[in-house]
Amino acid sequence: MEFLERPDAQLIVGVAVAVVAVGATAYFYFSSKKSKVCLNPEEFKEFKLVKRTQLSHNVAKFRFELPTPTSVLGLPIGQHISCRGKDSQGEEVVKPYTPTTLDSDVGYFELVIKMYPQGRMSHHFREMRVGDYLAVKGPKGRFRYQPGQVRAFGMLAGGSGITPMFQVARAILENPNDATKVHLIYANVTAEDILLKEELEGLSANYPDRFKVYYVLNQPPEEWSGGVGFVSKEMIQAHCPAPANDIKILRCGPPPMNKAMAAHLEALGYSPEMQFQF
């Protein structure tokens, strides 16, 4: 007890208590931060559907609730998740999807899904109702992005291949410390097939100097100012950054489109290092 009565001893004890308190606070802070990340790459976790918005006859937006209002999915930019469901025969099916939300959207994540008549996972989403749960695992994917790693991105998207492009573009444009420019060519069959049209137009309006989108339709309406037919070498030359060491072209679409785009890019002088396919 005599030791504790000495002033220097009281100082030592006080500092020790403070260090313990700070350490406990730090542990709580980082533990709570870590607990907010919901994805697990090794096991499926279930998330509740809280809102379903029908965007067209075969496209819907699904909003899933995270465990707390401050939870984040924990998905790096440009990566995707695996979703598990059952097809029309009751057999398990797993398919990758890219959320259109970012980790800046706390408490929920959203998927925009085009449901094909014969699609096995499409059946699962078509049958989903508010209150149902979706099993999700991730993150997955080879894409890695750091702000400023390239001067500009060119993006070649077809159909539902727009979702990773939109996610990457939004993350870049909403980051005030990222000056990267984004040039998107987005191909579809008809105008009704264009996914995220309102959101893409919003990016164009909010970031006119950094985001450009060029729509291409196979069956355009009478009043149409965009591209017609399939994405051509000439369209890529006109609407994407020219080959250079500080640019990258991203591709995501149906397999025939990806193959055609790879051939176009090679013919235009884009090296393999300048390209990435989701």
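Cβ from N, Cα, C; glycine included.
Over in TrEMBL, the protein carries these features:
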| type | residues | note |
| --- | --- | --- |
| BINDING | P96, Y97, V112, K114, M121, S122, T163 | FAD binding site |
| DOMAIN | 42-146 | domain 'FAD-binding FR-type' |
| TRANSMEM | 12-30 | transmembrane segment |
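Helix, strand and coil counts from DSSP across the domain 'FAD-binding FR-type' (42-146) read 8 helix, 48 strand, 49 coil. Report note: the FAD site is defined by P96, Y97, V112, K114, M121, S122, T163, and the residues of the same chain whose CB lies within 8 Å of the CB centroid of those residues, excluding them, are C83, K95, T98, L111, I113, F125, S160. Spread of the FAD binding residues is 17 Å (greatest Cα-Cα distance among P96, Y97, V112, K114, M121, S122, T163). Of all the Cβ atoms in the protein chains shown, 21 others lie within 10 Å of the Cβ of Y97 (FAD binding site).
When pLDDT values are averaged over the domain 'FAD-binding FR-type' (42-146), the model yields 96.
Sorting the binding-site residues S122, T163 by the number of other Cβ atoms within 10 Å puts T163 first. Counting only residues at least six positions away in the same chain, the Cβ atoms of C83, G85, D87, V93, V94, K95 sit under 8 Å from the Cβ of M121 (FAD binding site).
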